[in-house]
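Database features (TrEMBL):
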type     : residues                                : note
BINDING  : B:30-37, B:147-150, B:Ile176, B:184-187 : ATP binding site
ACT_SITE : B:His37                                 : active site, proton donor
BINDING  : B:Gln61                                 : beta-alanine binding site
BINDING  : B:Gln61, B:Gln153                       : (R)-pantoate binding site
Number of protein chains: 2
Amino acid sequence: MRVVRTIADLRALLRPLRDEGKRIGFVPTMGFLHEGHGALIRQSAARCDATVVSIFVNPTQFGPGEDLTSYPRDLERDQNLCLEADTTVLFLPEVAEIYPTGFQTHVEPGRLAEPLCGRFRPGHFRGVATVVAKLFNIVQPDLAFFGQKDFQQTVVIRRMARDLNLPVDVVVVPTIREADGLALSSRNTYLDEDARRRALGLSQGLLAAKAAFDAGERQVTKLMDLARGPLSGVDSIQYLELVDVQALEPLQGLVDRAAVLCVAAFVGGTRLIDNVVLAPSPVDAGLNTSLSPQSV
Amino acid sequence: MRVVRTIADLRALLRPLRDEGKRIGFVPTMGFLHEGHGALIRQSAARCDATVVSIFVNPTQFGPGEDLTSYPRDLERDQNLCLEADTTVLFLPEVAEIYPTGFQTHVEPGRLAEPLCGRFRPGHFRGVATVVAKLFNIVQPDLAFFGQKDFQQTVVIRRMARDLNLPVDVVVVPTIREADGLALSSRNTYLDEDARRRALGLSQGLLAAKAAFDAGERQVTKLMDLARGPLSGVDSIQYLELVDVQALEPLQGLVDRAAVLCVAAFVGGTRLIDNVVLAPSPVDAGLNTSLSPQSV
């Protein structure tokens, strides 16, 4: 595994691989890696000839009062995880390498960035879309891997890549969970024992709704009630919404197309998100369907 | 010369060229080509192994009340000019090919898009930056050629390419003028005989100021007065500004760094722009200096 810190070094390293026709996979991360990231990297390693992992805590996707300065970091552990998951190149740029003096251009996503997290984190997806567009242009991967846990992010990025004709396939990898159901997240490290226990309400509710859906329940209100029940232990629910997977628009009445049940809640001062896809079949969920470069 | 209308066909045509290591040049245009475009294409043909010219009247860079629907078109003449100037591929996408249903992502340039034309054409440079980013990603050129006549556009695009890490060198080619000084523009076709005569005031003023600058004049007010004099025949001056070539900020007192004198004016209902660079040497003007992929 090679570790590089500059765009020039990364490009110099990747150019010969690309010239040889190697398929390049890319996993952009903010570090403090867990097995969710591990799954992304391993899937990239399995499907590509070379895998680039970036660790960059992107300041522009944090809002005022969010946890930019306290965001957890453990580079040594991250490097070990990357190595074990078969990473080819680890890219560790400084902030000034990504946003040099004079930087002023942004990628502005559209209405897909407005609902759900977009309502509570103004500017977040603009920051995400901008840094991912930049990283896509720096790495020029064939495939890029994102976790389903940040569902709206995957939808915004896939739309951004398609709209800007970035010749990269966006692959969404299912969320990895602890044995008790808690979705893996770098921010779980903020949770003390009590908050960790109460945080379980997110996945418990979602998984109960999914079980009911899989057993045939299609009523939006009933599925929402099932998801809301176990959330009684959280400090506050930011949103709980059942939206269609394409447009992220709330479903009314019955779940008549592929949908995703999304939650954001605060537990012990920590903001957590989670989601489950409710779809008659995985194909309907639109997961792991990638845009071929020809079609974008 | 091959003519293609879809992104997929264009990519299929360019892929083998790129795989062979051919250097690809790109000239994005809105058609109704003139010798200014001819100079861009010829420079690309001279410096690259293959030259792609696009003709696309981009609706998103026109404001309400601007001349989108009346923008002049003459595809047959355009094709002949492209052929004569040694174009390899002519790309003629329909609007739906560039902006399919669901399109919603934009590239938002920063403060360089605010002064000059930006003040009078809100959203114009956002439209330009978005379509050029898309076209850069579609064509993936090594070099892209733009005319100096749209000076602010070249600055915004160069900044956009650098900020989004697009691996393309932006080359600016000097403005081509009629024998009497009028800068070539597709919009000159709107001018009747009287307007054509009065439109000469733009270049006459700019070239008078440049002659004085080259003879040693450095006072901003004197240079501006020289440029303003011949403008008495236009219907209205939108702006006349002497700004530095990097930040596009107005110069005060003396011209102490590379500057550009820019004018926009209406003549007989037609909006025309022009500019001259005032720089101790061409190097200072920042023209034809391109960003190497390594540095962006």
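Positions of Cβ are set from backbone N, Cα and C atoms, glycine also.
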- Note on the structure: Per the 10 Å Cα distance test against B:Ile176 (ATP binding site), the recorded positions B:His37, B:Gln61, B:Gln153 reduce to B:His37
- Query: Any idea which of the binding-site residues B:Gln148, B:Ser186 has the thinnest Cβ neighbourhood at 10 Å?
  - Reply: B:Ser186
- Message: In the three-state scheme derived from DSSP, which category covers B:Met30 (ATP binding site)?
- Response: coil
- Item | Secondary-structure category, per DSSP, in which B:Ile176 (ATP binding site) falls | coil
- Message: To see if you understand the setup: which same-chain residues, six or more apart in sequence, place their Cβ under 8 Å from that of B:His37 (active site, proton donor)?
- Response: B:Val27, B:Thr29, B:Val53, B:Leu81, B:Ala85, B:Gly147
- Query: What's the CA to CA span in angstrom from B:Leu33 (ATP binding site) over to B:Gln153 ((R)-pantoate binding site)?
  - Reply: 18
- Message: Please report the Cα separation of the residue listed as 'beta-alanine binding site' and B:Gln148 (ATP binding site) in Å, rounded to an integer.
- Response: 18
- Note on the structure: Here the binding-site residues are B:Leu33, B:Gly36, B:Gln61; the one whose Cβ sees the most other Cβ atoms within 10 Å is B:Leu33
- Message: Tell me the Cα distance separating B:Met30 (ATP binding site) from B:Gln153 ((R)-pantoate binding site), rounded to the nearest angstrom.
- Response: 14
- Task: Might you list, by sequence position, any residue in that chain lying six or more from B:Met30 (ATP binding site) with a Cβ less than 8 Å away from its Cβ?
- Result: B:Ile55, B:Phe56, B:Val57, B:Asn58, B:Tyr71, B:Ser186
